[in-house]
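Going by TrEMBL, these are the annotated features:
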{"type": "TRANSMEM", "residues": "55-80", "note": "transmembrane segment"}
{"type": "DOMAIN", "residues": "71-321", "note": "domain 'G-protein coupled receptors family 1 profile'"}
{"type": "TRANSMEM", "residues": "92-112", "note": "transmembrane segment"}
{"type": "TRANSMEM", "residues": "132-151", "note": "transmembrane segment"}
{"type": "TRANSMEM", "residues": "171-195", "note": "transmembrane segment"}
{"type": "TRANSMEM", "residues": "231-257", "note": "transmembrane segment"}
{"type": "TRANSMEM", "residues": "269-291", "note": "transmembrane segment"}
{"type": "TRANSMEM", "residues": "303-321", "note": "transmembrane segment"}
């Protein structure tokens, strides 16, 4: 006769990147009560245990955030004020700048608070879910809009005589709204699915904001369905638009090579170089995090790459577009001179 199996509370599985549940009873109790009452709170892992280093990081992040907001606000206002920039290309650029403003503001304020006071900057379960939703929503819309901008450049360079007919304002508005709707459709189910997971207790997120992979690692449950869903969303947001961008630039490159004058080739390339720079930064960083197997995810690598695409990229975008785009640079100069002498 076989020995009777011992009974007791279920074991809490191993959780990488966070402290283990100390006792089986504690894990079971928190899973049953904390999730039901919504009293779970997360806190973010500090960049350093040295207060002086934390202050320097706070100052650096604050400067980057302010530069990002001021740069993107300037671009959107200049495009709105200058009638010469009322074209589809600059319409998409203005919408990209607005997305960057919202995207930065989703991450930066809570990050700055947690860097300045790690012990007090706790985020509730609904608060973490809200930040994650807007992060996925705005980031997805951003990537899709970059693909739309590549299509705009493809039509302008490869089919210049049909450009005004194809890229009419009705289509431009639909493309921007489509980017937002698709981003919303991808973000909502993934966020709801993740925050239906049971969490043991208040946890330390191994990042400076509520990202998908670090939060999933805190769950006391199997997450393979959630990881598969995240992979599908990542392919939809990163791989498919990037392939469309690549295909567009293959045709653009072939057309540019057929232009006989060096000045014409330079002008055609200059309208695409700033967009290509932003694409490489955006898709390169995103692919390093979300297209790699979740088992190979490294919190340290994730934190470094996340700093690039949440703080550095929003700063570089307005700088890249204003420095490498002559029309936008001239409009900025004219507006600044008019403002100073008014």
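Every residue, even glycine, has its Cβ placed from backbone N, Cα and C.
Unlike curated records, TrEMBL annotations are generated automatically.
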Could you pull out which residues elsewhere in the chain have a CB under 8 Å from any CB of the transmembrane segment (303-321), counting only those six or more residues past its ends? 45, 47, 61, 64-65, 67-68, 71-72, 74-75, 93, 96-97, 100, 103-104, 107-108, 111, 206-209, 211, 274, 277-278, 281-282, 285-286, 288-289, 328
As a test of reading the model: what is the averaged pLDDT for the domain 'G-protein coupled receptors family 1 profile' (71-321)? 89
